[in-house]
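Working notes, structure below.
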Amino acid sequence: MRKVRAAAAPYLLALPAWIWFAIFFVVPIAAMASVSLTTGNLLEGFQQTFSFSNYAKAVGQYHTQLIRSLIYGGIATLIMLVLAYPMAYWIAFKGGRRKSMYLFLLLLPFFVSFVLRTISWGFLLADDGILFGPLKSAGLLPGDFHVLATDVAVIGGLVYNFLPFMVLPIYVALERVDPRVVEAAYDLYASRWAAFRKVVLPLSLPGVFAGVLMTFVPATADPVNARILGGTGNTMIGNIIQTEYLTNNDYPTASALSFTLMAVLLVGIFVYARSLGTENVLEAAAR
Amino acid sequence: MRGRLGDRLLHVYTWLIIAWLTAPIAVMILFGFNDKQSKSNTSWQGFTLRWYGELFADGSLTGALVNSLEIAVISTVLTTVIGTLLGLALGRYRFRGKGMSNFLVFAAISTPELVMGASLLSLFVSGNTPRGLLTITIAHVLFSLSFVVVTVRARVVGLDPSLEEAARDLGAGTWTTFRLVTLPAIMPAVFAGALLAFALSIDDYVVTSFVNGSTLTFPLWIIGSVKVGIPPQVNVMGTLIFGIGVAIAIGNAIASRRRT
């Protein structure tokens, strides 16, 4: 009797989460797949026609925004990598007893709502705001100078909002590098640069991979920064999907578009994760 | 010598990044004290405590904040229970479906929020489910679940199995062992997972924007009023949430330092 109960234990423990994932994650993705293959409209109803015309329509109509999102996401991720690595390096190797204080400061923005943080950037960058207003009245900037509603504002916002997700995994990977390994490189007459390039950098690559994963996906799919900091010329795919679903109620096109976005992103991720092993990525992501 | 200089530059650089990351927080706090006269709250017009006094003057904003808190509390409790159980199963046992569970956890973390929201809306539309507090709570449990599982699993994996064996050798039953040995040992991870779930829930905009129907949460209310101008009360509420969050985090850090 006891044995039977013990054997059932993992299934009983996993059951509630399985049910949740099944009903609210697997089934909805399937529902979205099925909706993306329907035709019709909200008033007359949607028929399951298994036609891929929605995909052709979605991609044909919105490829500009899709490509723009990938470019914004890609550039933002690259900038984050360049900004994050030196900081993560310094905290991991030179942070000493203050390491946790630096990490705490790094995470401080997360105590403010994402939307509110982005809006605060809007305040800062406003055409006559506290940054540019005085500069303009002092004649240091031309009167029509603006940053809001440009690529720079949106990409800057993405970098700002997701930077900690790049720093943390790189920091974790660097923190685990055994200092004796680096010393061994010096003992073998490696220069500082050679020791970094041949020892530290390769050991930190899992962190870099995890960081890229954790920033590229949310940055590419983010609708908030483009909405608050961008103009009509900076619309990203996230904004389009929201509008199609919530304003136009064009569920088939919106579903097709969501699927296309997910396919583009997930194919990339899983190729990425496979080459690393999912457990490693998750592990790096969890710490 | 060169190394020293490099280190000093990196030190300055780290602080510059931190300054950049915290600048908007300072702006948010500052503009909660702005004695603004015009509609927009983007230029400094003098110091006032008025908005702290009139914190709940806007009924719809207060309602949205209450909704957010309500959803965060309920979804955190649900997520923590469900996620801890799966975390225990994944960290402790080998069983059929373990690989699939790990995959689901990973897939749920890596699915863009946008797609998660869109797919949930597809489900609710197909099922004619009325959207509101219930559907938002369901969505919040879904996107925080994986984070709790991962946090708890890491702790369970690191647990010494001989502790539980010792408890059983001393005659404790399965439930007693769990309650007196396992649960206290994994509690820090459960607590960390719960905090994370709460933070994710109260902050969420993207997923919520798909499943909210006409119910507004704090982030949705804010983004909805960007065009007409954000009232300073939003800054005050943001400041208070920030202060409480920081206080809890520091308190938790001090408490855990004392324990070890």
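Cβ coordinates come from backbone N, Cα and C, glycine included.
Automated prediction, rather than curation, is the source of TrEMBL annotations.
For B:12-33 (among others), the entry in TrEMBL reads transmembrane segment. Residues 41, 44, 47-49, 51-52, 232, 235-236, 238-239, 242 of the same chain lie 6+ residues outside the transmembrane segment (B:12-33) yet bring a C-beta within less than 8 angstroms of a C-beta in it.
Marked as domain 'ABC transmembrane type-1' by TrEMBL: B:65-252.
Taken from TrEMBL, the feature transmembrane segment applies to B:71-91 (among others).
TrEMBL lists B:103-126 (among others) with the feature transmembrane segment. For the transmembrane segment (B:103-126), the list of distant contacts is 86, 90, 135, 138-139, 142-143, 145-147, 149-150, 204, 206-211: same-chain residues at least six beyond its ends, Cβ to Cβ under 8 Å.
Annotation comment: TrEMBL describes B:132-156 (among others) as transmembrane segment. Proximity of distant same-chain residues to the transmembrane segment (B:132-156), defined by a Cβ-Cβ separation under 8 Å and at least 6 residues beyond the stretch ends, is recorded for 67, 70-72, 74-76, 78-80, 82-84, 86-88, 90-92, 105-106, 108-109, 113, 116-117, 120, 124, 185-186, 188-190, 192-194, 196-197, 200-201, 204, 207-208, 210-215, 217.
Sequence annotations record features per position, and here TrEMBL assigns transmembrane segment to B:177-199 (among others).
Per TrEMBL, transmembrane segment is recorded for B:236-255 (among others). Taking Cβ pairs closer than 8 Å, the transmembrane segment (B:236-255) reaches residues 25, 28-29, 32, 51-52, 55, 61, 65, 191, 195, 199, 202, 218 in its own chain, all 6 or more past its ends.
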Beyond the flanks of the transmembrane segment (B:177-199) by at least 6 residues, Cβ under 8 Å: 72-73, 75-76, 79-80, 83-84, 87-88, 140, 144, 147-148, 151-152, 154-156, 159, 163-164, 167-168, 245, 248, 252, 256
